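Undergrad: Here it is, the structure in full.
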C-alpha cells in the first residue's frame, strides 16, 4: 500500500517500516506485506517499535497478522474474507 516505508528483505531476515518512520505516518494510509516461508519452516516476527494512534475500537490505527492457510488472525483489522476457525 501507499503507507509502506523502508523495506529490506533477505532470505533470512529483514526490516519493515511504515512511511515516514521514525516520524508519524500520514493519515489514511495502508501498508501490507505478504511474507512467506518454505514448507516446514517458520517465521519469527520481532517488533522493535510499535506506536499506534489511540482510538476507540482501533478505528484509526491497527495491526493485523494473519495466517490464511491456518485460518488464524491476531490483532485488529480487515480480514478480507479470512475464515476464522
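The backbone N, Cα and C atoms fix where each Cβ goes, and this holds for glycine too.
Pulled these from TrEMBL:
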- 1-23: region 'Disordered' (REGION)
- 4-85: domain 'CUB' (DOMAIN)
- 4-31: disulfide bond (DISULFID)
- 10-23: compositional bias 'Polar residues' (COMPBIAS)
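Help me picture these features in the structure, burial and contacts included.
TA: Secondary structure counts, DSSP: the region 'Disordered' (1-23) has 0 helix, 11 strand, 12 coil.
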Undergrad: Using a 10 Å radius around its CB, how many other CB atoms surround residue 4 (disulfide bond)?
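TA: If we count other Cβ atoms within 10 Å of residue 4 (disulfide bond), we arrive at 16.
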